[in-house]
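In what follows, a single structure is set out as structure tokens and then discussed.
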Amino acid sequence: MLRVGLTGGLGSGKSTVARIFAAHGAHVFSSDAMGRELMEPGQQVYAAIVAHFGPGIVLPDGHLDRPALGKIAFAEGRVEELNAIIHPAVIERQAELAEEIFASEPNAVVVVESALILETKHGGTKHGGEDRWRNRFDKLVLVTAPEEIKIARFVARSAGPDTTPEKQTALEDEARRRLAQQIPDDQKAALCDYVLTNDGSLQELEWQVDQLWPILQTLAT
Ligand SMILES: CC(C)(COP(=O)(O)OP(=O)(O)OC[C@H]1O[C@@H](n2cnc3c(N)ncnc32)[C@H](O)[C@@H]1O)[C@@H](O)C(=O)NCCC(=O)NCCS
Ligand SMILES: Nc1ncnc2c1ncn2[C@@H]1O[C@H](COP(=O)(O)OP(=O)(O)OP(=O)(O)O)[C@@H](O)[C@H]1O
């Protein structure tokens, strides 16, 4: 078995890498997707968020208003309050699912994709130091890209067809606020086992993942 943490800043391309690993046969968990599921009405995490931030962040249809929460988190400096509710639940769920997979498939490679593996103050409770991720992962893979490319990818992904220069600027500001909550790539690279550079074509990225996959498979056996 091998527990791989796949990390990288906003827009670095880690979801793209995760998809390539999945195509090779890895079991991949997206922390963003799990966070979203746990934030659905009826979930404990949903209830805790509404209790903490108030009914103003609930849409008329009962779902959480993600842009409003994003504003509270990143523009009003309350992201750690949100992290403290969501991260423990996501990490616990990932541990449960990984255990199930390893029980039936001892040589499995489980990849957990998250922008915040090195940043989170939650999970890995055996010893709560700065390197708490070591309790959760055998290897860490980092996807890097220059900051301006990350921002451009975030804007391109988030901007709708009716975008205006003002909306583009607002999205760039949003990307910068989120990146400010993330550890810079050079510091992350020093802590990770493998670094994939995603500043070129998708084919170049795919080639790097294809090289890494057999190494991870060998480590899993
Ligand atoms: C604030 C929220 C509602 C905004 O939702 P939105 O749909 O706009 O963004 P989404 O969740 O798709 O995240 C997009 C990217 O933003 C960045 N980002 C998200 N949360 C954080 C955070 N807490 N700190 C730093 N960057 C973050 C990541 O690069 C992430 O991949 C949402 O991001 C959230 O609940 N964040 C806090 C919990 C969290 O850490 N989630 C991610 C992993 S569980
Ligand atoms: N090498 C590349 N060339 C062109 N587009 C790319 C490349 N890598 C990623 N992208 C695109 O950039 C966007 C961001 O990539 P992706 O979703 O994989 O990043 P991420 O690190 O998961 O981002 P986030 O943390 O914001 O969720 C996507 O639309 C993706 O298709």
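Just so it is clear, glycine is given a Cβ too, placed from its N, Cα and C backbone atoms.
Where the annotation comes from TrEMBL, it is an automatic prediction and has not been curated.
Per TrEMBL, the feature ATP binding site maps to Gly11, Ser12, Gly13, Lys14, Ser15, Thr16. Neighbour list (Gly13 (ATP binding site), Cβ cut-off 8 Å, at least 6 residues apart, same chain): Val143, Ala145, Arg153, Leu196, Asn198, Leu205. When secondary structure is read from DSSP and collapsed to three states, Gly13 (ATP binding site) falls in the coil class.
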Query raised in the report: Inside 8 A of the center formed by the CB atoms of Gly11, Ser12, Gly13, Lys14, Ser15, Thr16, which other residues of the chain have their CB, for the recorded ATP site?
Result: Gly8, Val17, Val143, Ala145, Arg153, Asn198
